[in-house]
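Over in TrEMBL, the protein carries these features:
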- 3, 11, 49, 366, 373, 374, 375: FAD binding site (BINDING)
- 124, 125, 126, 127, 168, 169, 180, 373: NADP(+) binding site (BINDING)
Ligand code: NAP
């Protein structure tokens with residue numbers, strides 16, 4: 001398992017809200033596997049894939065293994081491509097989530113929570129609700145979680161009292177899930193402001209005609225929060241049928257307002273109903289909107305862009321015959337996880353391999369299906385791909401370089417992990433093994449701040465430590481150690497993380 005960060009778990013560690021620790025338990029599956037693998041599982045952390053210095057090219061992997069599975073998710077957030085998107089005060093929700101989860105990439109994110117009392121979140125998915133909850137949740141609750149301490153510090157100074165979560169479609173089309181809506185409705189001292197249009201105009205469909213799932217959402221929204229708005233300290237609101245057109249400023253630097261265009265349903269929602277629950281659910285969820293030409297403004301100094309994530313191709317994919325569909329943001333596949341090359345023809349069913357499959361190449365998760373679905377559905381998808389891969393192997397399907405699955409002799413000469421580890425060393429990559437991660441994990445469970453170590457680790461591997469003056473190759477040490485350079489480096493001492 002190759003991972004560009006020094007630690008495993010990607011989105012589970014850095015994308016799940018800190019107040020959802022139960023969701024993070026999905027990591028148990030990998031932990032159990034590592035424990036039971038009797039040496040057949042290798043974690044190679046801090047090993048970016050690419051063509052640059054201190055990166056591992058994909059060809060170094062394909063020359064040593066029989067198969068390759070891409071499960072690297074969606075590393076970018078979608079942009080709106082409207083004027084003012086880079087103004088000071090417009091924040092990517094992905095960056096904000098990364099920051100409060102201690103993702104090193106966003107350690108220095110500058111979010112000014114003191115500039116005004118209203119924040120706007122654009123998009124109504126679960127990420128938008130995670131951001132809203134974090135902005136409004138009582139600090140004493142957040143402090144009980146493993147949230148980044150700098151974020152708690154910034155939140156303690158926050159002036160934000162109201163969060164408006166804006167969607168371009170209506171309440172029945174919002175991608176939020178019931179659990180996340182309910183959580184916000186139950187936040188202590190946080191009220192819910194109904195949208196100005198009123199629920200009848202927005203929902204359009206008589207409640208008893210709604211499919212069960214949408215009926216529950218409608219009831220939840222109409223009922224509102226457990227704290228009455230009048231007596232609440234803070235509030236949130238869902239705004240519907242508003243499509244963002246621009247982020248506005250005075251003087252071109254700081255955000256002052258978000259401009260919207262009002263939208264309306266392209267067809268009355270009642271026209272979409274057939275009486276068959278599943279078809280009604282699909283039709284109502286997919287209902288389209290069109291612009292009314294009517295413009296509006298929300299004054300704010302802080303806006304979050306939360307309109308979904310996006311996968312990107314890895315450097316060198318083309319070279320190893322793996323295509324990437326830029327428009328869909330996925331690796332083309334046959335739904336079962338086998339990578340498909342359009343030039344080789346079309347793929348087939350779960351048990352059938354066709355000329356379209358790129359031998360030995362598989363994908364799972366968001367890079368296979370697009371960035372939708374909760375972690376449980378992504379896990380199901382990963383299990384499916386793994387079953388299909390194992391099935392292909394047992395049936396002697398073609399793998400990399402013509403290798404033919406189980407018991408075939410063509411994979412002789414492929415050294416697997418041992419072959420790659422030499423290349424990793426040759427390239428000066430300081431990789432992190434599972435054993436090392438376990439030590440770090442144990443320290444974290446004792447309350448150590450691993451993100452500080454990560455920052456130093458990052459500088460150690462690249463340009464020396466930027467927190468103290470030590471240049472070049474320095475021992476791994478924590479931020480705290482920087483002030484006393486002569487002190488034995490903390491991580492070196494505790495974890496014996498030696499040079500490769
Ligand atoms: P998402 O669920 O796809 O929501 C994206 C939102 O952005 C939608 O409201 C969408 O509106 C809107 N949007 C997209 N393009 C837009 C544009 N150009 N202008 C205005 N609005 C636009 O994405 P997400 O919130 O990033 O979540 C990603 C996945 O992770 C989801 O499956 C989510 O459930 C999951 N997740 C789960 C949890 C959890 O279980 N607690 C937490 C976080 C994330 P339209 O619907 O009109 O396109």
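Backbone N, Cα and C define each Cβ position, glycine as well.
Remember, it's a predicted structure, so these values are computed and weren't measured experimentally.
Taking a Cβ cut-off of under 6 Å from any atom of ligand 1, none of the binding-site residues 3, 11, 49, 366 qualifies. When the Cα atoms are compared, residue 180 (NADP(+) binding site) and residue 374 (FAD binding site) turn out to be 11 Å apart. All protein chains considered, the CB of residue 374 (FAD binding site) has 13 other CB atoms within 10 Å. In sequence order, 11, 12, 16, 23, 26 are the residues of the chain that are 6 or more apart from residue 375 (FAD binding site) and have a CB within less than 8 Å of its CB. In the three-state DSSP scheme, residue 168 (NADP(+) binding site) falls into the coil class. Under the DSSP three-state reduction, residue 124 (NADP(+) binding site) is assigned to coil, being neither helix nor strand. Residue 180 (NADP(+) binding site) carries a helical DSSP state (H, G or I). Across the annotated binding residues for FAD (3, 11, 49, 366, 373, 374, 375), the two most widely spaced Cα atoms sit 26 Å apart. For residue 374 (FAD binding site) paired with residue 126 (NADP(+) binding site), the C-alpha to C-alpha distance reads 9 Å.
Here the candidates are the binding-site residues 3, 49, 373, and by Cα distance the one nearest residue 126 (NADP(+) binding site) turns out to be 373. Each of the binding-site residues 124, 126 was scored by how many other Cβ atoms lie within 10 Å of its Cβ, and the smallest score goes to 126. The Cα of residue 168 (NADP(+) binding site) lies closest to that of 373, out of the binding-site residues 3, 49, 366, 373.
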